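Written below as structure tokens is the structure these notes are about.
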Amino acid sequence: MTEAIAVVESRAIAPVQDWDVLQMLLEDHRSPNTRRAYDRDLRLFFAWWLDEDPHPEAIAYWLSLPQSEAIAVVLRWKASMRDRGLAEATINRRLAALKSLVRFSRRLGRCTFSLEDVKGDRVQSYRDTTGTTPERFRELLALPNRQTAKGARDYAILRLLWENALRRSEAVQTRVQDLEQGDRRLWILGKGKGRQRLPVSLSVEMVQALQDWLRWHPKAEPEQPLFTALDRRSYGQQLSDQAVYLLVKRSAEAIKLGKRLSPHRIRHSAITAALDATGGNIRLVQKLSRHSRLETLQRYDDARQDFQGECTEHLAKLLG
């Protein structure tokens, strides 16, 4: 009796160094900003530790370290960043990138140690939520010549940043089809929402400003970006985050605002103005800001009312 021998084709398992774990980690995150930050911070770590880029072999070597040695390396890196005077938030962000790489590798079975016992530096939670006033922002809005393509576009962007407290990434990632003119609604990619678009309501004036810009739009088709570049080299392409930043910065300089203004500070200004207009109705303004935590808005409200400054004035009066 003869037995048939089945030949089974086998695939060799790729050695550890052939796994591009860093690339897999980056692809596991939706946010382009997160991917860029992780890539940059991990490159800085490997440059400090091995004087090399984080290529697969270097990462495989890092992931093969025993627990005690890995933690010792990270603690030395943390100390070196402190010695260079880096801010606590910067140190914590770089540690978070490295911890994320290790956690991801553990899930893949490519790492046996953990960095969860390495603690970040304590960061003061205060944030400067000041920006500009509605009166000064009206001056800024008067700058663009709305009878030109660039002026119509810039006016619409500035007004949208203020009225809807948008982040600049939320503004530039919108498409023509995301604007529902009849319903006065714009669908945006909100922070932390992946690829899910969220609706924001628009004022009549905002819809009119967007309609004025669309008459100049290089190619106002549904899938096209709502805001496009108008320079010769990038004509018709999606407007970049940096272009919006420069628009705000130069506009503030043109009206001699006297302080630095950025798209995010316009967002701060809009949220603060909304708190003023609603008598500090935090829950209502949360619908505008789309903050997930009320505590964040509470900081805006505290800064708006300046309770500490009020107490200082009382104490000063006690001195006569």
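Heads up, the Cβ atoms here are built off N, Cα and C, so glycines get one too.
Residues in the domain 'Core-binding (CB)' (16-106) partition by DSSP class (helix H, G, I; strand E, B; coil) as 73 helix, 0 strand, 18 coil. Annotated domain 'Core-binding (CB)' per Swiss-Prot: 16-106, in sequence order.
Within the model, the domain 'Tyr recombinase' (127-313) carries an average pLDDT of 89. Marked as domain 'Tyr recombinase' by Swiss-Prot: 127-313.
What Swiss-Prot lists as active site is Arg167 (among others), and the listing cites sequence analysis. In the shown protein chains, 20 other C-beta atoms lie within 10 A of the C-beta of Arg167 (active site).
The feature active site is assigned by Swiss-Prot to Lys193 (among others), with sequence analysis given as support.
Swiss-Prot lists His264 (among others) with the feature active site. Sequence-distant neighbours of His264 (active site): residues of the same chain at least 6 apart with a C-beta under 8 Å from its C-beta are Arg167, Arg168.
Cβ environment of Arg267 (active site): Gly131, Leu161, Ala165, Leu166, Arg167, Ser289 lie under 8 Å away, each six or more residues apart in the same chain. Positions annotated as active site by Swiss-Prot, on the basis of sequence analysis: Arg267 (among others).
What Swiss-Prot lists as active site is His291 (among others), and the listing cites sequence analysis. Taking a C-beta cut-off of under 8 Å and a sequence gap of six or more, His291 (active site) has these contacts in its own chain: Leu297. Secondary structure from DSSP puts His291 (active site) in coil.
What Swiss-Prot lists as active site, O-(3'-phospho-DNA)-tyrosine intermediate is Tyr300, and the listing cites sequence analysis. In this view, Tyr300 (active site, O-(3'-phospho-DNA)-tyrosine intermediate) is surrounded by 22 other Cβ atoms within 10 Å of its Cβ, with every protein chain counted.
For the recorded site, Arg167 (active site), the DSSP three-state label reads coil.
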